[in-house]
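So that you can see what the record holds, here are the features copied from TrEMBL:
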ACT_SITE  Lys199  active site, schiff-base intermediate with substrate
BINDING   Arg209, Arg221  5-aminolevulinate 1 binding site
BINDING   Glu237  Mg(2+) binding site
ACT_SITE  Lys252  active site, schiff-base intermediate with substrate
BINDING   Ser278, Tyr317  5-aminolevulinate 2 binding site
Amino acid sequence: MSAQFPVARPRRLRRTPALRRLVAETRLAPADLVLPMFVKEGIAEPQPVASMPGVFQHTLDSLRKAAHEAAEAGVGGIILFGVPAAKDGTGSAADDPDGIVQRALRDLASDLGDATVLMTDLCLDEYTDHGHCGILTGSGEIDNDATLERYASIALAQAEAGSAVVGPSGMMDGQVGAIRTALDGAGHTDTAILAYSVKYASAYYGPFRDAAECAPQFGDRSTHQQDPANTDESIREVLLDLDEGADMVMVKPAGAYLDVVRRVRDTVDVPVAAYQVSGEYAMIEAAAEKGWIDRERTIMESLTSIHRAGADIVLTYWATEAARRLG
Ligand code: PBG
């Protein structure tokens, strides 16, 4: 009597690194990665962000250098966030042609040429003294439609300074349509929109608020960002943004919302991005620093998982490091 052996042996294809590489279903490439970068006005030296080891608020000079390194590593794009020297109620530095992001864009556009895609986050929270993503009414609520006019103006300032892709992240209703109309009206028909269509009211943004100095001075963002309990709502947001003219859509955060990434990927026919946010970065860095996890393996596993879930493009603070490893 012969023993009963398994007929199928999936382990055969896992036996060697070469076999595993041959049958890998997901491959991350440097060009899939986008690096978020912070540039701060009025500082002489780059400043480390305490809750995000390895991430800096850049000067114009250090930004140029780091952007160069990213492009050299083959990173697909960089997305800029500005930290202005002065803030006010309407976030007037956001669309000032001499605002910090516009100055950085002009520098980088001439420096980098077409080596990587220059993108900009488009929101007001980094620029308002109250830290909210829009203009407030007298009673302290966000005035959706007044905010749209500000976003349209910021889009123009960013496009004129050289942003190839603007990324509205404020979750105001109608923001993509308002921005598209403004861009087209000014002849910027080639400026693309990466819509932060699906953006949850997430605790994972904690460290970002240090990096961008934009914690709300009162209240929170749950009247415009989405409830983590929902996913049908995300599909509705994505479809609305595509109707309004979005060229690409984003899900944010990434790691805790991989089901949403997959659902969006299965629903739309445009590129899907996912943003591995500051809290995802900080958790892995902190655990690695304590020696509790293998830093490099965890980073690459987290990025592969986001890509596998359906994100064509992954925004990550590890973009340059990961691209070097992959390249
Ligand atoms: C809003 C914006 C935020 C992030 C990106 N764009 C903060 C927020 O909505 O509170 C978070 C990114 C991160 O946590 O890495 N301008």
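Quick reminder: no glycine exception, Cβ is built from N, Cα and C everywhere.
Structure with TrEMBL features highlighted.
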residue	record	DSSP (3 states)
Lys199	active site, schiff-base intermediate with substrate	strand
Arg209	5-aminolevulinate 1 binding site	helix
Arg221	5-aminolevulinate 1 binding site	coil
Glu237	Mg(2+) binding site	helix
Lys252	active site, schiff-base intermediate with substrate	strand
Ser278	5-aminolevulinate 2 binding site	helix
Tyr317	5-aminolevulinate 2 binding site	coil
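The 10 Å shell around the Cβ of Glu237 (Mg(2+) binding site) contains 22 further Cβ atoms across the protein chains shown. For Arg209 (5-aminolevulinate 1 binding site), the recorded positions whose C-alpha atoms fall inside a 10 Å radius of its own C-alpha are Ser278, out of Lys199, Glu237, Lys252, Ser278, Tyr317. Filtering Glu237, Lys252, Ser278, Tyr317 by Cβ distance to ligand 1 (under 6 A) retains the following recorded positions: Ser278. Of all the recorded positions given, namely Lys252, Ser278, Tyr317, those whose Cα is no farther than the 10 Å limit from the Cα of Lys199 (active site, schiff-base intermediate with substrate) are Lys252. Around the Cβ of Ser278 (5-aminolevulinate 2 binding site), a 10 Å sphere holds 25 further Cβ atoms from the protein chains shown.
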